Amino acid sequence: MKIGIIGAMEEEVTLLRDKIDNRQTITLGGCEIYTGQLNGTEVALLKSGIGKVAAALGATLLLGHCKPDVIINTGSAGGLASTLKVGDIVVSDEARYHDADVTAFGYEYGQLPGCPAGFKADDKLIAAAESCIRELNLNAVRGLIVSGDAFINGSVGLAKIRHNFPDAVAVEMEATAIAHVCHNFNVPFVVVRAISDVADQQSHLSFDEFLAVAAKQSTLMVETLVQKLAHG
């Protein structure tokens, strides 16, 4: 099995990259892909860049060039669920765009023409992630993750997301674009991210402060998940 892993930022991939043996670097379209073995398992780790376009471009390049069997999207996220705090884990059962609106033509809010309203994560990957969470004794929430090209740092943006997606557990800027690409290529995916901030008017301050905490927690989760997927 070859496992594809996608993170947006240097801070979100550096700990995993440093653990890859026999590492080779491929630079394509402004993205970097690091291939090799993570604890004996073949992996391809993509640093995509921030935002939906960068994530979709990177995911497409990763799938075409490295042909992974599954995709794990990792990194940081803003917490929406009331039980989440910095360092906790969110696992997707679905991903949706929070900044797409074609409702004038009868689509659901967040749905693009020709696409489902939401992109469902793979049940087996979700189950494996939840098993890792139990083994590591981490606090985690499973649910809807929403994505858009905005860092949510104010009451207006937050209220809009809560109104349109009351069940959303976390918000970030890449996961749904990656899920969209995986859907088109029929490749199983799951989003496993750590909370770096709680989406509110001070989220930019806590993001800067706690990104390293989120990166450490998400790396631990992904490393454990890769082992479980490879060896059961």
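Placed from the backbone N, Cα and C atoms, the Cβ positions cover glycine too.
Lifted from Swiss-Prot, the feature list:
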ACT_SITE  E12  active site, proton acceptor
ACT_SITE  D197  active site, proton donor
BINDING   G78, I152, M173, E174  substrate binding site
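On the structure: features taken from Swiss-Prot.
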residue: E12; record: active site, proton acceptor; Cβ neighbours (10 Å): 25
residue: G78; record: substrate binding site; Cβ neighbours (10 Å): 26
residue: I152; record: substrate binding site; Cβ neighbours (10 Å): 24
residue: M173; record: substrate binding site; Cβ neighbours (10 Å): 24
residue: E174; record: substrate binding site; Cβ neighbours (10 Å): 32
residue: D197; record: active site, proton donor; Cβ neighbours (10 Å): 25
Reduced DSSP state (H/G/I helix, E/B strand, rest coil) at G78 (substrate binding site) is strand
Taking every pair from G78, I152, M173, E174 (the record's substrate binders), the biggest C-alpha distance in Å rounds to 13
Whole-number Å distance separating the Cα atoms of M173 (substrate binding site) and E12 (active site, proton acceptor) is 13
One should report the C-alpha separation between G78 (substrate binding site) and the residue listed as 'active site, proton donor', rounded to whole angstrom, as 5
I152 (substrate binding site), DSSP three-state class -> coil
Note on substrate: the CB centroid of G78, I152, M173, E174 has further same-chain residues inside 8 Å, namely A77, S147, G148, A150, F151, V171, E172
For D197 (active site, proton donor), the closest of the recorded positions by C-alpha position, picking from E12, I152, E174, is I152
Three-class DSSP assignment, the residue listed as 'active site, proton acceptor', comes back as helix
Integer Å value for the Cα distance linking I152 (substrate binding site) with E12 (active site, proton acceptor) is 19
The residue listed as 'active site, proton acceptor' sits from E174 (substrate binding site) (Cα to Cα, rounded, in Å) at a distance of 13
